[in-house]
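J.: The structure under discussion is supplied below as C-alpha cells; questions concerning it will follow.
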Amino acid sequence: MFIAFEGIDGSGKSTQLVLLEKYLINRGKKVIKVREPGGTILGEKIRDLLLNFNMNKRSELLLFLASRAQLVEEVIRPSIEKGYFVLADRFSDSSIAYQGGARNLGKDLVEKLNIFATNGIFPDIVFFIDIPVQMAVRRMKEKEKDRIEKEGEDFLEKVRTTYLHIAKSRKNFFVIDGTKDVDYVFSQIKRIIDTMLDH
C-alpha cells in the first residue's frame with residue numbers, strides 16, 4: 001500500500017507520518033519512508049537545488065517531477081512490489097497545490113506531467129493535514145525557512161485552497177483537522193487505516 005501525507009508547511013504531516021510508521025511496524029507490517037523532493041542520490045541533489053537556489057516556476061516544477069520520477073523507479077515501485085507499506089512525506093499532489101495552484105501553472109497541466117513522471121503510480125490513500133495558514137506561520141516562526149517556505153501567507157492560502165479543491169474530487173483524499181492535538185489527529189488517521197487493513 002502506498003500512502004502519502006500532504007499539507008502546507010507547519011501542518012504536522014511529518015509527525016503523523018512517523019506515528020503511522022510506528023503503528024504499522026507494531027502491527028507486523030514492512031514499512032519504508034520516503035520524502036519529496038529527495039529519497040534517492042539524484043533526488044537529494046535536486047532537493048538542494050530546489051530549496052536553496054532561485055529559479056523560474058517552470059524549472060521548479062520540472063525539477064520536482066525529475067526527483068519524483070527517480071524516486072518511483074528506484075524506491076517506490078520496487079517497495080510496493082515487495083509488499084511494503086510506502087509512506088511518502090509529500091508526493092504528486094504537492095506539485096498540483098504548489099506549482100499548479102499557487103504558482104498558477106494550472107492543475108490540469110501538472111496532473112498530466114505527474115502521470116508521465118510517476119508512470120501512473122499514485123498513492124492508494126492521501127492524508128491532507130489541514131490547518132489555517134496563520135497557525136502554520138506561527139508554528140514555522142521558530143524554524144529556519146527554505147526558499148519555498150519563505151513565500152508568505154498569500155502563497156500558502158493558494159496552496160491550501162488547491163488542496164481543499166482536490167479533496168472534493170477524490171474519494172481516497174482524506175482531509176484531517178490538523179488544529180487538534182497530535183494524538184487526536186493520529187486517531188483519525190488510524191481509524192481510516194484500520195478500516196483499510198481490516199477489509
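Placed from the backbone N, Cα and C atoms, the Cβ positions cover glycine too.
So Swiss-Prot has the following annotated:
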BINDING   Gly7, Ile8, Asp9, Gly10, Ser11, Gly12, Lys13, Ser14  ATP binding site
J.: With an 8 Å cut-off on Cβ distance to the Gly7, Ile8, Asp9, Gly10, Ser11, Gly12, Lys13, Ser14 Cβ center, who else from the chain surrounds the ATP site?
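T.: Apart from Gly7, Ile8, Asp9, Gly10, Ser11, Gly12, Lys13, Ser14, the close residues are Ile129, Ile131, Ala136, Gly178.
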J.: Could you tally the C-beta atoms, other than its own, that fall within 10 angstroms of the C-beta of Ser11 (ATP binding site)?
T.: 25
J.: What count of other C-beta atoms do you get within 10 angstroms of the C-beta of Gly7 (ATP binding site), across all chains shown?
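T.: Other Cβ atoms within 10 Å of Gly7 (ATP binding site): 27.
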J.: For the binding-site residues Gly10, Gly12, which Cβ has the most other Cβ atoms within 10 Å, all shown protein chains included?
T.: Gly12
J.: What is the one among the binding-site residues Ile8, Lys13 whose Cβ has the most other Cβ atoms less than or equal to 10 Å away?
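T.: Buried the deepest by this measure is Ile8.
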J.: Would you mind checking how many other C-beta atoms are within 10 angstroms of the C-beta on Ser14 (ATP binding site)?
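T.: Ser14 (ATP binding site): 16 neighbouring Cβ atoms within 10 Å.
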